[in-house]
Amino acid sequence: MAAAGLDTLRLEDSDDDFKYEEVDVMSDGEDDASEDLDAALRKLQQFTSKQEAATGPARTTEVKPGQVVKKPEVIDDFLRNFFIKMGLSRTCECFEAEWYELKATGRLDNSTTVPDVYLRNAELEDDVAGLRRELAEAKSIAGRASATWDKFRKERDFHRMHHKRVAQEKNKLLTDLRRLKEHYAKYEPTILELKKKYETLMKEKMMMSLERDKLAARVDALEQVASSPLPGAERSLGGQSTAAAGGGASGRALGATNRALTGDVPPAAGAAAAAATGRSGAVSAGPRSGWASLNAPPRRNPYADLEFPAAPVKMLSLNKTFKGHLLSVANLALHPTKPILVTASDDKTWKMWHMPGGDLIMCGEGHKDWVAGVDFHPAGTCLASGGGDSAVKIWDFEKQRCVTTFTDHKQAIWSVRFHHLGEVVASGSLDHTVRLWDLPAGKCRMALRGHVDSVNDLAWQPFSSSLATASSDKTVSVWDARAGLCTQTYYGHQNSCNGVSFNILGTQLASTDADGVVKLWDTRMTAEVATINTGKHPANKSCFDRSGQVLAVACDDGKVKAYSTTDGVLQAELAGHEDAVQAVLFDPAGQYLVSCGSDNTFRLWS
């Protein structure tokens with residue numbers, strides 16, 4: 001370092017003796033202008049070669065923008081870091097003095113980088129430490145999983161043992177059930193036999209009751225004849241003629257009943273009734289020998305002077321539900337004097353039940369299609385039914401069979417009704433006609449024509465020969481059954497009329513239609529009295545209570561709705577049916593109400 005300083009001083013001292021060469025500026029510019037691009041490139045290449053020779057080979061790897069490149073640490077930096085890390089400060093100073101001296105004198109080769117193996121070892125140590133931690137965590141998880149698996153295995157063994165025990169109990173129960181079935185099968189014939197005996201006894205009981213009523217009526221008639229001041233010759237007449245002469249209305253009904261039950265039908269004196277050509281032009285066959293007469297003197301309504309309290313419909317609730325049919329129950333009929341109900345069903349049968357217990361008395365099978373109409377004889381000794389097979393059948397309870405079948409209708413029959421004398425049955429059909437059947441003659445008395453659509457329902461005015469019909473042509477007509485003439489037609493419904501019914505006095509007529517509208521008509525003034533809207537669902541059938549102040553309506557929404565006939569106010573709404581209610585009836589004694597519906601049931605409300 002001292003020698004270098006002396007040389008510098010000597011150069012500075014000799015600056016004044018240095019001879020400078022004059023350089024022309026213009027000549028320098030000419031030299032610059034003479035250089036071309038190739039010379040510049042050659043010089044640049046030479047300079048680059050010298051730099052590469054001085055610093056070592058340069059990396060030619062291009063680095064993409066955004067890419068991070070890790071450059072290895074040079075050897076001297078590595079050693080410094082090592083000395084400092086280990087606390088060898090004096091060693092580090094000696095190393096730096098010797099390192100920089102060798103570098104200044106040019107005796108030191110180009111510095112190299114630290115081999116990557118050290119860095120790789122450090123990274124691997126970190127990875128090993130991480131893997132050891134993960135291994136410890138995995139061992140912990142495996143331990144917990146093993147404990148859970150042991151728990152599940154124990155539970156599996158427990159449930160497997162429990163399942164085996166349940167299977168053994170099941171097999172034991174199946175064995176016991178099989179034994180019970182075999183044991184029950186031994187008693188089944190006995191049960192069937194007892195059931196048949198029970199049904200036979202119930203039928204015999206009913207027959208005896210009917211026979212008792214007939215004998216009581218005959219005894220009363222004979223007592224009246226015996227007490228009346230009649231000649232002896234007239235007293236010696238037969239029981240049937242005596243009852244007709246001295247028994248009044250009951251005697252006439254009894255005589256008609258006896259003829260119908262015993263089958264003592266006089267031969268017909270002529271052909272069937274002539275068909276009508278219009279509502280006002282129907283032609284009656286007229287009274288003939290062997291035919292029932294509807295021209296008897298008018299009978300006074302026995303209820304005209306009686307007053308009954310209104311049915312307590314607000315207090316009614318569902319008492320019992322009976323499911324005695326396989327299909328929809330379409331109609332109902334109550335016995336005139338006994339607590340007996342008949343139901344007509346789509347399963348081609350009618351069934352008789354004792355109310356209010358619901359015990360089955362008998363079942364009528366014979367129709368080839370559904371049964372829609374049923375009605376009791378006024379004396380309660382026989383039953384009329386009609387249905388989809390276009391037949392009207394008369395069933396005798398004493399003989400326990402069908403005694404007469406009328407097949408003049410061309411299409412299905414919707415309704416059948418007995419006249420109050422019991423010798424004539426009216427039927428309404430899908431063939432647009434109403435036919436009157438003469439039971440003594442066993443033939444069709446006349447056909448009432450005039451409706452232009454199906455006759456859905458009909459009702460006799462109590463103790464008269466007037467017949468009301470409801471039709472799908474939106475009209476309600478009243479017919480004189482003696483002359484076969486239409487005496488009155490009521491207009492006002494906007495849809496098919498489904499049902500018609502009279503009150504007990506015959507002074508008021510109710511009609512229902514498919515719009516849910518119920519209209520009340522005064523039969524004396526032949527005018528509409530009130531209109532009741534039951535809702536958007538069709539109203540099927542209606543029935544007055546014995547006071548005439550309450551009207552029950554069977555609706556398609558599964559409800560029975562009771563209205564006041566004076567102001568049309570809803571008094572009660574009986575909900576219980578699961579489908580449409582088809583028919584409804586009040587008990588003649590005013591104790592309960594019966595309804596039937598498309599849910600295959602009939603229900604008792606009390």
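Note: Cβ is positioned from N, Cα and C throughout, glycine not excepted.
Copied over from Swiss-Prot, here are the features:
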- 229-250: region 'Disordered' (REGION)
- 324-354: repeat 'WD 1' (REPEAT)
- 366-396: repeat 'WD 2' (REPEAT)
- 408-438: repeat 'WD 3' (REPEAT)
- 450-480: repeat 'WD 4' (REPEAT)
- 492-522: repeat 'WD 5' (REPEAT)
- 534-564: repeat 'WD 6' (REPEAT)
- 576-606: repeat 'WD 7' (REPEAT)
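Of the candidate ranges 366-396, 408-438, 450-480, 450-480 contributes the most Cβ pairs within a distance under 8 Å of the repeat 'WD 5' (492-522).
Within its own chain, the repeat 'WD 3' (408-438) has Cβ neighbours under 8 Å at 252-253, 256-257, 259-260, 272-273, 291-292, 294, 296, 299, 331, 369, 372-379, 384-392, 394, 444-449, 451-460, 462-465, 467, 469, 471, 479, 481, counting only residues six or more beyond its boundaries. Secondary structure of the repeat 'WD 5' (492-522) per DSSP (helix as H, G, I; strand as E, B; remaining residues coil): 0 helix, 18 strand, 13 coil. DSSP assignment over the repeat 'WD 6' (534-564) gives 0 helix, 18 strand, 13 coil. Averaged across the repeat 'WD 6' (534-564), the predicted model reaches a pLDDT of 93. Residue counts for the repeat 'WD 1' (324-354) under DSSP (helix as H, G, I; strand as E, B; rest coil) come to 0 helix, 18 strand, 13 coil.
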